[in-house]
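J.: Below is the structure I would like to discuss, written out as structure tokens.
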Amino acid sequence: MCKSVHPNRCLSLAKMEVRSAVSTALFVLLTISLGILWMCDATIQVERPRGVSLSNEPFYNKGSQGEWFTCIDGSMKIHRTQINDDYCDCPDSSDEPGTSACPDGRFHCNNRGYRPYYIPSSRVNDGICDCCDASDEYEGPGAGKCVNNCKELGKKDLEERKQQMVLFNQGFDIRQQYINDGLAKKTEREGESKTLQAEKEEAQRVVDEKKKVRDEVEGPETEAKDKHKAAWEAEVAARKAAEERERALQAFKELDIDSDGRIVFHELANRLEFDTDSSGDLNEEEAKAVLGGANIVEEAVFVEQIWNDVKEKFKFAHELAAEEALKQQEGQEQQGEEPAAFEKNAFEEVHDDIDEDIEDEWAEDDDEDEEDFYEEEEDEFDEDLPEEARGVLRQKRLDRLTKKREMKDHAKPSEDEMPDYDDATKALIAAADQARKELEEAEKALKNIDRTVGDLEKQLRVDLGPDQAFQALQGQCYEYTDREYTYKLCPFEKSSQRSKNGGSETSLGSWHQWEGPPDNKYSLMMYTKGQKCWNGPDRSTRVNLRCGVENRVLSASEPDRCVYQFEFTTPALCTYKYDLSTGETDTHDEL
């Protein structure tokens with residue numbers, strides 16, 4: 001093909017072929033184009049020094065410099081006879097392409113019929129066959145031992161490249177289906193988004209309407225409930241005030257020793273609960289202080305003015321008696337004394353009688369109060385019992401009364417518990433409850449639509465390529481397992497890893513953006529802001545994509561600390577279709 005063409009022209013044709021190869025098919029096109037070079041090299045004998053490639057031949061051509069050779073880096077000129085003289089003259093080693101004299105030299109294997117490549121010049125004539133055409137072993141121990149098997153290798157390589165092109169074509173066909181599905185899905189989502197926007201507007205209208213209804217019915221409800229509560233609170237306050245007044249009157253009676261309807265300060269002499277200086281008796285100043293500084297206090301003044309200030313300290317007679325009885329009992333126990341035999345027997349007899357009666361009295365519905373307690377006391381307790389024994393029994397009966405009241409409090413509503421609403425108020429509450437329920441349901445429906453719209457808009461914002469080919473990866477996850485970990489890639493969402501021994505997933509990053517070069521943007525995915533490394537940065541993942549007939553994670557590694565790298569194949573990146581007879585593409589690059 002190139003016999004009648006100048007070698008440089010042949011080289012130019014080959015380079016044009018090389019420049020047509022881009023994107024994920026670069027390797028295939030490059031090898032096809034280089035095949036043209038090999039054919040040119042095989043059909044045209046260009047005079048050049050051993051170890052020089054066809055592309056570097058102009059540097060060694062006699063026509064340009066005559067008998068002189070300029071080092072390729074331009075550093076010096078030497079006589080042409082010094083090329084391949086087994087002595088290194090040029091700093092860039094360019095004068096010894098065919099010997100091992102220069103430390104940084106490169107020997108070019110022409111490998112006619114196969115793939116040309118460079119080897120370090122140190123391997124020239126080392127007795128080991130490196131070039132398939134045996135050109136690196138032209139003298140020394142390897143001379144004559146190497147076999148030229150380039151033709152066989154070239155034939156095998158050509159078959160492999162054809163198989164690769166077949167796979168690329170299969171991927172291309174799959175990609176076309178991805179495009180069709182992706183564009184249809186985008187249209188579907190856009191239509192769904194419009195429908196949902198209309199539904200959202202209607203749902204918002206319903207919410208606004210339900211709010212208006214709720215506000216209308218909550219006003220009367222609140223007014224009725226507040227009125228009911230105010231009436232109940234007033235009733236409770238009145239009842240408690242009456243109860244407190246009764247306590248005040250009872251206290252006045254106990255302090256009015258001579259029952260003349262007034263309290264004189266000296267009547268408080270034995271009220272040690274008002275002994276502020278703890279001297280053991282109540283002096284005149286302390287007594288008058290109890291009466292608000294007066295010598296004499298009438299009943300009305302005591303109830304209305306004095307009682308509120310003294311009620312926290314005041315002790316009723318039964319409280320004082322119980323305290324005294326307990327003190328005497330504790331004193332006897334400490335001294336090891338016991339009551340006289342007849343007193344002890346009488347005490348135990350009454351004690352047992354009270355115990356026997358307690359169980360029967362629990363079921364009675366009569367209301368026993370403190371006044372009943374003291375009226376019954378004189379009849380029930382033997383007058384021959386000493387006061388300390390009577391006090392103990394009195395306390396036991398009082399404890400029983402307290403327990404009985406507690407049980408009744410649990411069995412029936414407390415007087416302090418607000419009574420039920422009337423029927424009219426209940427109707428208002430029911431109407432308001434129904435309005436609130438309907439509003440809650442409407443707001444829930446609106447929130448669900450909002451969530452769906454948000455998810456849909458998020459999906460539509462993802463860059464799936466100009467032809468939506470990468471939509472096939474959306475919502476999918478792919479795994480790769482090595483000796484220690486299982487790695488997971490969920491395109492446009494996240495990347496992660498988990499130990500094969502169990503445990504939770506470690507985030508290696510969330511979807512960030514495409515970060516491929518300008519001419520191949522969709523060849524690199526970036527996932528960032530993963531779980532933070534110990535004393536290091538957040539984990540991140542780079543995903544290199546290339547054409548393949550299936551979506552698959554080929555490998556996973558950590559080339560830098562906390563920076564992971566996945567290799568991923570997908571038909572979505574198979575942007576070329578090849579003519580198997582020529583190796584040329586249709587040049588349609590949608591990306």
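Cβ from N, Cα, C; glycine included.
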J.: Looking at 145-179, 285-319, 425-459, 460-494, which one does TrEMBL call coiled coil?
T.: 425-459
J.: Let me spell it out: take the coiled coil (425-459), skip the flanking residues so only those 6+ beyond its ends count, and list any with a Cβ under 8 Å from a Cβ in it.
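T.: Sequence-distant neighbours of the coiled coil (425-459): 189, 192-193, 196-197, 199-200, 203-204, 206-207, 210-211, 213-214, 216-218, 220-221, 224-225, 228, 474.
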J.: Counting only residues 6+ away from its ends, which parts of the chain sit with a Cβ under 8 Å from the region 'Disordered' (211-230)?
T.: 418, 421-422, 424-425, 428-429, 431-432, 435-436, 438-439
J.: Who are the long-range neighbours of the domain 'EF-hand' (243-278) in its own chain, taking Cβ under 8 Å and residues 6 or more past its ends?
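T.: Contacts with the domain 'EF-hand' (243-278): 284, 286-291, 294-299, 302-303, 307, 310-311, 313-317.
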